[in-house]
Amino acid sequence: MVKSDYYEILGVSKNADEREIKKSYKRLAMKFHPDRNPGDVSAESKFKEIKEAYEVLSNPEKRSAYDQYGHAIFEQNSGGMGGSNTGGSDFSDIFGDVFGDIFGGSRRSRSRRGSDLRYDIELSLEEAVKGVVREICVPTLVTCLQCRGSGAKSSASIVSCVTCHGHGQIQMRQGFFSVQQSCPSCNGHGKIIKEICNKCRGSGRIERTKTLSVKIPAGVSTGDRIRLSGEGESGKNGAPAGDLYVQVQIKKHPIFDREEKNLYCEVPISFSMAALGGEIEVPTLDGRVKLKIPPETQTGKLFRMRGKGVKSVRGIGGHGDLLCRVVVETPVRLSDRQKQLLQDLSDSFGGPYGHKNSPKSKTFFDGVKKFFDDLTR
């Protein structure tokens, strides 16, 4: 696989000075850092390229060798700088000495922040529209109070690593270069635990279920995530905790359907009200309101009730609307007298095919007649 040019990776010219290289490196490293792009494999790969490029271009001797011989100078002598550094070692250990000035790891292996957690919460439509405060119970890993996260039985149980003399790094020679690598004895921490904590068995963390109060803002939708910073798993060796992401799922409502900020519902009306008009009560999430039905209303007609929908979760654009779709019901279980009255009404229309009072029916049957007339020509 052909490697990309280190100058192109950092976006600098070959004449760039140390300040320009460092500035570009910091900007790109912050952008593609795995902590900012959890689960993004392409970002992690880019991050490795950036760190590898900076490791070479920030060192005058390595940069001079690269300018003369390119990547080949690092691919000789047991894999050199380019090949050996990515082969199975821990990602943060490989580049810890390069990355310390940005992310606070000095030249020792950087303690990893705790893992992020996800909690799925199911809300009613009313809770999603108006907002709610919910208590949730989340199983997680918290810092062991007995050892305060150190993993040691006592402070006397923590001793300096004899391999690296407490530095967390050891010098390795590769070809004619001398490079630093994470100490294999202490994993880059510079300290070794002689006796582990009997509470957490040396991990520095224990399992606990935390009860948290979560404020759900008004207007959330299915798929929205609410981030609770620092409420994920505790980090090891005093590293910061991860975050908790509360994933919203909204239950199906028996009356309303939702589409972004608008609500929809079907409202049944009688045949007589559709013809003569009237007033009915319709439900909203704030209670019942009156809706005026004009005469000659057809089934399927939409009536918009402004401001009776869902509030924007970001407070932009105000509330949505409630759209009521009327459905004209055909009367059932008619008495003999009612049947006769309807028959008389039908006769007054000119029979079942009288079109004077049914404009849509007239248009339909006129179209049918024309269709068959065209067939017989």
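Counting starts with 1 at the first residue shown.
Glycine is no exception: its Cβ is also placed from the backbone N, Cα and C atoms.
Bear in mind that the values here come from a model prediction, so they are computed numbers and not experimental data.
Annotated domain 'J' per Swiss-Prot: 5-70, in sequence order, evidence recorded as sequence analysis. Per Swiss-Prot, zinc finger is recorded for 131-209, and the stated evidence type is sequence analysis. Annotated repeat 'CXXCXGXG motif' per Swiss-Prot: 144-151, 161-168, 183-190, 197-204, in sequence order. Residues or ranges marked as Zn(2+) 2 binding site by Swiss-Prot: Cys161, Cys164, Cys183, Cys186.
Sparsest Cβ environment among the binding-site residues Cys161, Cys183 (other Cβ atoms counted within 10 Å): Cys161. Contacts between the repeat 'CXXCXGXG motif' (197-204) and the repeat 'CXXCXGXG motif' (144-151): present, as 3 or more C-beta pairs lie under 8 angstroms, all at sequence separation of six or more.
Within its own chain, Cys186 (Zn(2+) 2 binding site) has Cys161, Thr163, Cys164, Gly168, Ile192 as residues 6 or more apart in sequence whose C-beta sits under 8 angstroms from its own. On the 0 to 100 pLDDT scale, the domain 'J' (5-70) averages 87 in this prediction.
Taking the mean position of the Cβ atoms of Cys161, Cys164, Cys183, Cys186 as the Zn(2+) 2 site, the remaining same-chain residues with a Cβ inside 8 Å of that point are Val162, Thr163, His165, Gly166, His167, Gly168, Gln169, Ile170, Pro184, Ser185, Asn187, Gly188, His189, Gly190, Lys191, Ile192. Secondary structure of the repeat 'CXXCXGXG motif' (183-190) per DSSP, as helix, strand and coil residue counts: 0 helix, 0 strand, 8 coil. Neighbours of Cys164 (Zn(2+) 2 binding site), defined as other CB atoms within 10 A of its CB across all chains, total 22. Residue counts of the zinc finger (131-209) by helix, strand and coil are 3 helix, 37 strand, 39 coil (DSSP-based).
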